[in-house]
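Trainee: Sharing a structure, written as structure tokens. Questions coming.
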């Protein structure tokens with residue numbers, strides 16, 4: 001048995017969370033964190049934990065990932081996802097995938113069953129078929145809300161930029177009892193994006209990065225800005241220079257804001273099991289479990305704390 005106390009941190013996207021969606025977002029990140037922690041508590045790996053947490057949010061229509069993803073200019077869902085194992089820097093990612101309920105599962109298969117890191121569009125589709133991943137009709141992933149928003153953004157006087165502030169990328173980072181770290185990130189991307197647009201999520205070092213030597217991080221926010229500063233790797237670089245997870249996150253987010261005018265949010269865990277959830281946007285839904293305590297919030301400075309057992313009881317779903 002390892003000596004590390006396991007930790008999981010999840011985010012449900014940085015941006016603006018509309019009032020009527022707050023409760024659903026809070027409940028969604030809490031559920032994801034508890035599910036991921038359930039894996040860790042039973043001796044599961046960090047990779048298993050982050051995949052489980054992200055899968056839980058992909059299946060939740062409150063988030064812009066999996067079911068509930070925003071639509072591209074043609075009114076279709078195209079999704080990106082990445083997963084990374086800090087033990088040996090193995091990573092798998094997919095971009096522009098359609099008709100699959102859980103892109104994070106596909107990313108994990110790319111990591112484990114191929115010699116590649118990233119598969120895209122048609123090739124990712126063929127690989128999913130070869131792996132026996134069930135194909136679901138694209139419409140199954142489209143919610144009423146995504147459809148409404150897409151229509152609104154098509155109106156001549158609309159400003160899609162305004163809507164893109166409500167970015168619901170989802171992600172998770174974890175450290176397991178063996179001291180291994182991992183990250184996972186999944187998204188439907190930007191509302192009314194060009195067909196074939198790939199953001200930061202599928203890009204190693206931007207949408208996420210995990211290295212046992214320093215820690216793991218998953219990012220959310222304006223994808224193009226995140227890619228320009230390689231945000232996930234930048235945060236780990238700051239931790240390698242001796243910064244705490246919180247200082248590293250704030251420094252990197254501040255740099256992204258001043259250098260390219262980009263806003264976003266990040267979750268971080270370092271190799272000692274210290275964690276942070278930081279954002280430069282108005283809000284970011286996040287939750288973490290450490291030492292059998294659940295912490296969660298949406299607004300800057302907001303942090304609720306509950307015991308895991310209490311949280312599980314109110315979830316109404318034991319493990």
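Using the three backbone atoms N, Cα and C, a Cβ is placed for every residue, glycine included.
Keep in mind the model is a prediction, meaning the values are calculated, not measured.
OK, TrEMBL features for this one:
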- 169: active site, nucleophile (ACT_SITE)
- 197, 198, 199, 200, 220, 221, 222, 223: substrate binding site (BINDING)
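Can you tell me where each of these features sits in this structure?
Mentor: Take the CB of residue 169 (active site, nucleophile) and look out to 10 A: across all protein chains shown you find 33 other CB atoms.
Applying an 8 A CB threshold to same-chain residues 6+ apart, the list for residue 199 (substrate binding site) reads 80, 187, 189, 190, 193, 207, 223, 224, 226, 227.
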Trainee: Across all protein chains in the structure, which of the binding-site residues 197, 222 has the highest Cβ count within 10 Å?
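Mentor: That would be 222, with the highest Cβ count within 10 Å.
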Trainee: I'd like the number of other C-beta atoms within 10 A of the C-beta of residue 198 (substrate binding site), please.
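Mentor: Total other Cβ atoms inside 10 Å, all chains included: 19.
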Trainee: Please find which two of 197, 198, 199, 200, 220, 221, 222, 223 have the most distant C-alpha atoms, given that the record lists them as binding substrate, and give only that distance in angstrom, rounded to a whole number.
Mentor: 16
Trainee: In Å, rounded, how far does the Cα of residue 220 (substrate binding site) sit from the Cα of residue 169 (active site, nucleophile)?
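Mentor: Residue 220 (substrate binding site) to residue 169 (active site, nucleophile), Cα-Cα distance: 6 Å.
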Trainee: Could you tell me the C-alpha distance between residue 200 (substrate binding site) and residue 169 (active site, nucleophile) in angstrom, no decimals?
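Mentor: Counting only the Cα atoms, the answer is 10 Å.
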